[in-house]
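Asks: Please find one structure pasted underneath; my questions will follow.
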């Protein structure tokens, strides 16, 4: 998709298999923003990527009218603010609700993602510990779906529409599904986490999501995201 019109020039540097790139692609798709997707070879990174993200040298990078924005959830926030006139709203207009959403998105990145990486790379007792910690974190998210005022009785963490927390967690869905299959262990138990399990199925089939969600089968052709 090529950037044009009111969006200006929008380019996304990434890898189609990356769950973090998926977050950005979902946000762009939901907002209906046209962009050029540049597939990066992570073992031979382009000069554009290295120049655009000289600190971390990582994907994703969104380039809007020549200006780079790095880190997936920072990019999602940028998309919401830069194209705030485009529906749907990915964040609440209420400052408290926005703060709560940022809290849970940070929980996903700071607590859950390291555990999932541990499941992927660990062996023996180390992997088992990472599995237990991942399950514990998913149980916390199940409870958040049950009790958080923004999500209780709603379809998504953000309410009736996909929002900031949904994108943060949902971008990882393909990786989580692939991981469960690879380790022959359940991380999201339908009986213990009925709300989270139903949420994940609903999210992955949503318009704007299913079109850009990485194929779980392809994860094992690459190293960890």
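From the backbone N, Cα and C atoms, a Cβ is placed for every residue, glycine too.
Bear in mind that the values here come from a model prediction, so they are computed numbers and not experimental data.
According to TrEMBL, the protein carries these features:
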| type | residues | note |
| --- | --- | --- |
| DOMAIN | 8-87 | domain 'GST N-terminal' |
| DOMAIN | 94-225 | domain 'GST C-terminal' |
Asks: For the domain 'GST C-terminal' (94-225), what's the model's average pLDDT?
Replies: 91
Asks: Tell me the residue counts in helix, strand and coil for the domain 'GST N-terminal' (8-87), as DSSP assigns them.
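Replies: The breakdown for the domain 'GST N-terminal' (8-87) reads 30 helix, 17 strand, 33 coil.
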